[in-house]
Amino acid sequence: MREFLIAPSLLSADFARLADEIRDVTVAGADWIHLDVMDNHYVPNLTVGPLVCSAIRPYTSLPFDVHLMTTPVDPLVSAFAEAGANLITFHPEATLHAHRTIELIRSHGARAGLALNPATPLTVLDHVLEMLDVVLVMSVNPGFGGQAFIPETLDKLRLLRERVDTTMQRTGRTLLIEVDGGVKASNIARVATAGADVFVAGSAVFGAGDRAQAIRGMRGELATVDEYAGAAAMQ
Ligand code: DX5
Ligand code: ZN
């Protein structure tokens with residue numbers, strides 16, 4: 001069976017009650033916790049750093065999926081790894097040497113992800129795809145929660161799916177496609193059909209009164225998605 005993962009983004013949580021919010025989505029059935037790190041430089045918004053990551057880490061045993069929207073990237077890597085990040089994802093244009101940054105993340109025992117903005121072409125994956133654990137496809141421009149899903153993302157996901165399947169067959173390593181921005185129950189099946197494995201959902205989960213129901217609703221939609229040829233490569 002193809003496995004789909006749901007990663008609620010804390011960006012839409014109540015920041016005054018982060019520990020409770022994390023416990024709530026953990027009980028509600030989340031798979032990963034997505035932490036958006038924004039520096040008011042690479043993106044206009046400003047959120048949290050390693051100190052907050054480390055403070056909230058004890059409130060769940062779920063993997064922490066840290067999405068760095070910062071420039072530079074390298075000086076933050078070890079601090080987030082020590083703060084309990086399991087996966088560290090960065091934007092290639094935010095670092096001088098993307099290959100080196102991936103090696104740095106992996107040297108700290110974390111998984112490495114590369115995030116592609118809506119206008120960033122798949123060619124940035126040339127020569128580094130085999131080193132990655134996750135490719136994060138932004139389906140909104142980074143910086144804010146609650147934006148509308150950009151429909152052109154679906155074509156990009158389809159192209160990426162083919163490429164990732166070929167790479168996984170060659171290397172035998174698991175490589176996940178994560179999609180981030182504007183994902184909700186009404187579009188998640190289409191996004192999954194186009195090729196995503198991991199679904200970040202901020203407002204769709206934290207904006208719902210009943211988070212368990214929100215996550216169940218998304219899983220219900222995902223259950224309607226047909227298997228596709230590349231599914232075997234995920235096992
Ligand atoms: C945007 C962030 C997203 C955002 C998603 O820069 O990377 O993770 O929180 O929020 P929604 O699901 O509300 O679009
Ligand atoms: Zn994010």
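Every residue, even glycine, has its Cβ placed from backbone N, Cα and C.
Any TrEMBL annotation is an automated prediction that lacks curation.
Positions annotated as active site, proton acceptor by TrEMBL: ASP36. What TrEMBL lists as active site, proton donor is ASP180. The feature substrate binding site is assigned by TrEMBL to SER9, HIS67, GLY143, PHE144, GLY145, GLY146, ASP180, GLY181, GLY182, GLY202, SER203. Residues or ranges marked as divalent metal cation binding site in TrEMBL: HIS34, ASP36, HIS67, ASP180.
Annotated features taken from TrEMBL, shown on the structure.
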residue	record	contacts (Cβ under 8 Å, 6+ apart)
SER9	substrate binding site	HIS34, LEU35, ASP36, GLY145, ASP180, VAL200, ALA201, GLY202, VAL205, PHE206
HIS67	divalent metal cation binding site	HIS34, LEU35, ASP36, VAL37, THR89, GLY113, ALA115, LEU136, ASP180, VAL200
GLY143	substrate binding site	MET38, VAL43, PRO44, ASN45, MET69
GLY182	substrate binding site	SER139, VAL140, GLN147, ALA148, PHE149, ILE150
SER203	substrate binding site	SER12, GLY145, GLY146, LYS184
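The Cβ of HIS34 (divalent metal cation binding site) has 27 other Cβ atoms within 10 Å, all protein chains considered. Residues from the recorded positions list (HIS67, GLY145, ASP180, SER203) with a C-beta closer than 6 Å to any atom of ligand 2: HIS67, ASP180. Between the listed recorded positions, namely ASP36, GLY145, ASP180, the fewest other CB atoms within 10 angstroms of a CB are found at GLY145. Take the mean position of the Cβ atoms of HIS34, ASP36, HIS67, ASP180, the recorded divalent metal cation site; other residues of that chain with a Cβ within 8 Å of it are ALA7, SER9, LEU11, LEU35, ASP65, THR89, LEU136, VAL200, GLY202.
In the three-state DSSP scheme, GLY182 (substrate binding site) is classed as coil. The secondary structure of the residue listed as 'active site, proton acceptor', as reduced to three states from DSSP, is extended strand. What surrounds the substrate site, by Cβ distance within 8 Å of the Cβ centroid and not counting SER9, HIS67, GLY143, PHE144, GLY145, GLY146, ASP180, GLY181, GLY182, GLY202, SER203, is the set LEU11, SER12, ASP36, VAL140, GLN147, VAL200 from the same chain.
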